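Trainee: Below, the features straight out of TrEMBL:
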type	residues	note
DOMAIN	A:113-303	domain 'ABC transmembrane type-1'
TRANSMEM	A:12-35	transmembrane segment
TRANSMEM	A:117-138	transmembrane segment
TRANSMEM	A:150-170	transmembrane segment
TRANSMEM	A:182-200	transmembrane segment
TRANSMEM	A:229-250	transmembrane segment
TRANSMEM	A:282-303	transmembrane segment
Amino acid sequence: MAAVRTSSEVALNRAAIVAVLVATLIFLAPIYWIASTAFKPKELAVSVPPTVLFQPEVTPFIRLFTKRVQMQKPVDPQVYEAAPWWEKRIYDGGERVLKVGKDVQLSQYPNRFMNSLIVAVISTVLAVGMGTFTAYGFSRFKVAGEADLLFFILSTRMLPPVVVAIPMFLMYRMVGLNDSHIGLIILYVAFNLSFSVWLMKGFMDEIPKEYEEAALVDGYTRMQAFFKIVLPEAATGIAATAVFCFITAWNEYAFALIMTNRRAQTAPPFIPSQIGSGLPDWTTIAAGTFLFLLPVAIFTFLLRNHLLRGVTFGAIRK
Amino acid sequence: MTQIELRGIEKFFGAVQVIHNLNLAIADNEFIVLLGQSGCGKTTTLRAIAGLETIDQGDILIDGKAVQHLKAADRDIAMVFQSFSLYPHMTVFENIAFPLRATRMDSGEVDKSVREVARVLRITELLGKKPSALSGGDMQRVAIGRALVRRPKAMLMDEPIGALDAKLREEMRAEIKRLHIKQGSTTIYVTHDQIEAMSLADRIVIMHEGFIQQVGTPDEVYSHPANLFVAQFVGSPVMNITEASVAEAASLATVTVGDAPAGFEFPSALLSKLNGHAANGGLTLGIRPEGVLVRREAAPGYLPVEAHIIEPLGSFDIVDLKVGSKMLRARTKAGYVAGPGEKVHVRIDPEQAHFFDTASGKSLGVRL
């Protein structure tokens with residue numbers, strides 16, 4: 001590598017930076033759109049041309065979390081004065097918050113959000129855990145028909161999962177798994193497992209087996225060697241696999257829509273279902289979507305170092 | 001006090017037999033080197049002793065107790081790997097302490113033992129570092145420390161310095177020797193490097209294609225190679241091996257190399273010692289380059305030959321000499337033979353000559 005860059009190299013480098021910036025803008029545009037809509041006053045959400053500069057407000061989030069009804073006549077000024085600031089925002093929109101006695105009635109959003117968290121977290125832990133063990137087995141032991149078995153595991157991804165939605169729905173209803181957390185968890189683990197096994201197999205193969213052998217002669221059982229040596233070494237792979245599994249489970253829409261409707265409904269089918277009730281309130285939907293983006297963004301952000309190392313794993317020969 | 005004995009070990013990988021009826025008794029405190037090319041079965045043998053590989057036949061005895069059915073963890077043996085195999089997520093201290101943690105030793109004891117080993121290996125200042133921050137030599141010191149810390153019954157080393165560069169290899173070789181003298185433990189060391197083997201071993205076990213070729217002290221395998229394989233494998237530069245015929249002439253025996261016009265003079269006792277083997281042919285002469293004597297001027301018993309290629313190796317030269325259609329490599333003082341094409345005179349030192357049966361490759365055990 002020459003220490004002094006030629007002018008063409010500099011130009012190329014600048015062009016690359018510009019290209020990356022443009023790509024970043026394109027990818028971030030929808031996120032910006034959702035985020036800005038979530039903080040817009042209701043009437044600006046659908047303005048043409050789109051409003052870029054506006055006074056941000058949190059009213060969409062208040063609407064998102066409360067049950068409201070349209071008011072027939074203006075609110076009593078005394079009641080308005082006595083109301084807390086967030087309730088005033090609702091009155092301002094010509095609505096009132098539903099209450100039972102003094103207690104504000106929450107919308108279904110928090111509940112759906114929790115459902116999403118429960119289903120995504122548990123199914124991710126299970127898929128990654130089972131995938132890690134399975135991959136370890138394939139990687140370290142002679143398994144009869146290993147190639148066929150691995151192909152068979154992968155073959156579960158060879159058609160769009162939604163193709164089997166109707167039979168799955170009928171079977172789930174028969175065994176009482178529809179609209180249950182456990183039902184969705186089983187489904188998501190089933191999708192993610194093949195992916196998890198294959199990804200983890202690659203990571204396991206990269207971990208030299210001398211590490212475990214060293215642990216074996218150092219006086220440990222294979223199980224202890226697995227937990228003390230292999231798992232820490234596989235952390236990067238586990239993190240990368242977990243992010244992908246979590247994103248898949250978190251964003252899954254079709255099965256959640258078909259299999260659940262109340263108790264176990266997750267956020268993805270719930271958010272658009274809000275469009276149907278009355279005039280579409282885009283700011284509230286955007287607020288719901290914006291909050292829905294956060295867990296994945298945070299999870300990915302926390303694991304970003306692992307993830308970067310994870311996706312480039314094995315690309316560089318040490 | 002640890003003796004290790006291997007009795008009739010056989011090992012197959014699928015249909016391929018990689019170890020054939022291997023028998024070996026290793027004394028307490030002995031430094032044994034398994035020497036051979038890759039694929040000769042030396043590492044498999046080592047791994048079988050460690051318990052990382054099963055055997056199909058035979059017994060592995062440690063202090064008289066058969067251990068072939070025991071798990072690696074239960075054999076109380078330590079192993080150093082070529083790849084060092086330091087656990088990357090642990091510090092040097094934790095790496096060395098790792099085998100002790102398996103024994104539920106209390107942490108004060110662990111700390112003391114680790115520091116003691118670190119002191120012996122001169123790596124105390126590295127204890128807080130992660131393996132990725134270490135040089136190759138230090139990594140291997142840590143790996144050896146991890147093996148020593150538990151005071152195992154025996155130490156197994158699989159090409160422990162093979163991954164280091166030449167200078168460091170020499171340094172670590174001396175270090176391992178120093179440690180063995182100081183700590184004293186039964187050690188089995190695998191290498192393909194005959195210099196390592198010669199410099200470290202009490203006894204060398206030379207293996208080839210799953211068979212033991214010879215077991216002996218470094219001097220024995222160098223001076224009395226049991227067969228052509230050992231003769232060529234041990235020693236650098238490599239021993240000259242050539243077809244030869246022996247004839248009686250006056251009160252002498254002459255040994256002719258290949259189709260050379262004249263033979264080298266040997267004492268007549270050679271004939272009786274060969275005991276008729278010369279007559280039916282199939283005789284192979286082995287002579288190390290230092291046994292090929294070169295002079296510039298003619299002398300009795302010296303044959304005139306032409307120098308072919310000269311390899312200067314610093315303290316000495318290796319000179320290829322054309323004898324008939326064969327080449328004999330001789331070791332001379334640096335610069336003794338000026339250049340290719342020079343006419344010199346050559347003799348074979350009878351005391352350094354080895355004779356082998358061509359067909360079986362076995363040494364005839366004839367020494368003058």
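Cβ atoms here come from the backbone N, Cα and C positions, even for glycine.
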Trainee: Using a threshold of three or more Cβ pairs below 8 Å, and leaving out pairs closer than 6 in sequence, do the transmembrane segment (A:117-138) and the transmembrane segment (A:229-250) count as in contact?
Mentor: yes
Trainee: Can you work out which residues elsewhere in the same chain, 6+ from the ends of the transmembrane segment (A:150-170), have a Cβ less than 8 Å from its Cβ atoms?
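Mentor: Long-range Cβ neighbours of the transmembrane segment (A:150-170): 134, 138, 178, 187, 190-191, 193-195, 197-198, 201, 254-255, 258-259.
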Trainee: Count the CB pairs under 8 A between the transmembrane segment (A:12-35) and each of A:117-138, A:182-200, A:282-303, then give me the winner.
Mentor: A:282-303
